[in-house]
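Notes follow once the structure below has been shown.
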Amino acid sequence: MKKYFVTGIDTDSGKTVASAILVEKLKADYWKPIQAGQPTDSDTVRSLISNDKIIHPEGIVLDAPMSPHAAAQLENIELKAAQFQTPETNNTLIIEGAGGLLVPINDSEFVIDLAKPFDAEVILVSRNYLGSINHTMLSINYLQTNNFKIAGIIFNDTPNPATESFILNYSKLPCLGRIEPLTEVNKSAIQSQLQNISL
Ligand SMILES: Nc1ncnc2c1ncn2[C@@H]1O[C@H](COP(=O)(O)OP(=O)(O)OP(=O)(O)O)[C@@H](O)[C@H]1O
Ligand SMILES: C[C@H](N)[C@H](N)CCCCCC(=O)O
Ligand SMILES: [Mg+2]
């Protein structure tokens, strides 16, 4: 089973939108290990994809729309990376993180610490905004310095060729595609983006 861990340069970078596109493109399963707040990303993905795909139950759902370490604290729960195991499937699995790479799940572990024990290749979603070069380069630097397997980068929203070419030339990472700005994020918008992703 091939596993991809979809992370982003920040919260709201477009991980859920990218995950829905990847699930459709690869005919993959989807799993969100840590959900903080409602509506759940699993429900959002369900509303965006065709209904023959499998969405596995979340590892944990926390009430507060906050960093997982803080949302867990509010419920007197202690999260540990080691408590999460990928669901059983023979299919490709798209795993969505929460927020950016270094969002904490407790005092010493981060969301990205789930990717290696899951044996998942990382896909980094980089939304184009003023400031995204810095966020993207810091994220890549962390992943490369810490020897993560990186499948590549997906750029999201308004294209910025100068930003994208700098990031790709410097990092030498593959570009897995570009998600266009969508006037409405719905099933047909997701379908329209399948051709823009190569994986
Ligand atoms: N290309 C796009 N065009 C238009 N809207 C977009 C696009 N990408 C993402 N959005 C919207 O931006 C918001 C954030 O996107 P999304 O939920 O995918 O981010 P996320 O990285 O999954 O966030 P979280 O950290 O909460 O999981 C959503 O409302 C989504 O519909
Ligand atoms: C609730 C939100 N949608 C995400 N699931 C969690 C985002 C945490 C961000 C923490 C931070 O980087 O400061
Ligand atoms: Mg999301």
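Keep in mind that glycine also has a Cβ here, set from the backbone N, Cα and C atoms.
Taken from TrEMBL, the feature ATP binding site applies to 12-17, Asp43, 96-99, 156-157, 181-183. In the shown protein chains, 23 other C-beta atoms lie within 10 A of the C-beta of Thr16 (ATP binding site).
The Mg(2+) binding site feature in TrEMBL is assigned to Thr16, Asp43, Glu96.
The active site annotation in TrEMBL covers Lys32. Classification of Lys32 (active site) by DSSP places it in coil, neither helical nor stranded.
In this structure, Asp43 (ATP binding site) is part of a helix by DSSP. Cα of Asp157 (ATP binding site) to Cα of Lys32 (active site): a distance of 23 Å. Each of the binding-site residues Asp12, Asp43, Glu96, Asp157 was scored by the other Cβ atoms within 10 Å of its Cβ; the lowest score goes to Asp12. Those same-chain residues not listed among Thr16, Asp43, Glu96 yet with C-beta within 8 angstroms of the centroid of the Mg(2+) site C-beta atoms are Lys15, Ser19, Ala20, Tyr30, Lys32, Gln35, Thr40, Asp41, Ser42, Thr44, Val45. Residues Gly99, taken from the recorded positions Lys32, Gly99, Asp157, are distinguished by a CB atom under 6 angstroms from ligand 2. Packing around Gly97 (ATP binding site) is summarised by its Cβ count: 27 other Cβ atoms lie within 10 angstroms of its Cβ, all protein chains included.
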